[in-house]
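Have a look at the structure below, then the notes.
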């Protein structure tokens, strides 16, 4: 039997099918929705709250140290799905290392998809098309694991059609907002007519625990992380007059920094999600960020800008030190991280959902100020995810004018 060549009718049919399956244009962000739980705790009072609910007020010196950590975070307040009365029912969760994973999962398994669905409803409403037109769902969380997974539960809550193509991304941490955008780009561009609902939802009770003198890492995590969810509608070839694209997702790349996996790592144990971080996290990211930026520009045949201030910026706010050191390394003006610092102040670090909140903050402020594009009036920008591995997600965005 002879081999098939490109000239055979069958191969031509396959090539035609493949061409017809692909979209003509670049993936675009068409709508954004966000949601957060009702309980607000100010950062100024968080040390009092934290040491009270964990029955640790006798640890006077540790509390003073934790309060200093909180005051340096540049966070004003955070939202949580718990309050003091709620936590009184779970003394195992507020201990440092008592077995508590079952209780944490009992809270997160229904809570994560519900919060994600709340954000998704807002994105779908802004999009303005029927939810039956959603072809793909990508759901991301670090708030527990279960089967059927959170994507299934979110689709069920939203009433999406039963043949929606679902994807679930568990336990990726703080870089995952960029990861989900990378998935959404590939799905939208390789499936003609696809409309991808991407959802990131996080509940930090999976990692909440009492303070321990010999484990300051978890205390740092408790000073930073907040609860929240964000959803985007992503698709190529927008329908003129119906869909309103804001950003084109031009390129999406992931980079793992060699020999850095011990810088930030987390482990799911019987006592919940344990957080470990060294003081090298900010330097590790800032020392490698420029190479990632150069790579993403060169991969699409563009010359990297001589001045990084010519771009708009959506970096994940892993913490104040990370933002400060990246800003210094790239010689950025302070206002370039304005949207990120606003979200950090208003919500804290919401893990995977954070960069999507920042995208929302930027486009809303740009539109309100009457700027020429949703990207602070600029044409090109980058979205950056930082997290365990150490992993960097670099997304090259092209901003469009408000309509």
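Quick reminder: no glycine exception, Cβ is built from N, Cα and C everywhere.
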Quick check on the annotation: Swiss-Prot has 318, 319, 320, 321 binding CoA, so which of 281, 299, 352 does it put in that site too?
281
Which same-chain residues, if any, lie at least 6 apart from residue 319 (CoA binding site) yet have Cβ under 8 Å of it:
73, 224, 281, 282, 349
For residue 174 (active site), which residues of its chain lie six or more apart in sequence with Cβ-Cβ distance below 8 Å?
316, 318, 349, 351, 352, 354, 385, 386, 387, 388
Excluding 281, 318, 319, 320, 321 themselves, which residues in that chain have a Cβ inside 8 Å of the centre of the Cβ atoms defining the CoA site?
282, 317, 322, 323, 324, 325
Across all the protein chains here, work out how many other Cβ atoms are within 10 Å of the Cβ of residue 320 (CoA binding site).
16
Cβ-Cβ under 8 Å from residue 207 (site 'Determines the polyketide chain length and product specificity'), same chain, 6 or more residues apart: which ones?
218, 221, 222, 225, 266, 272, 273, 274, 275
Lowest local Cβ density (other Cβ within 10 Å) among binding-site residues: 281, 318, 321:
321
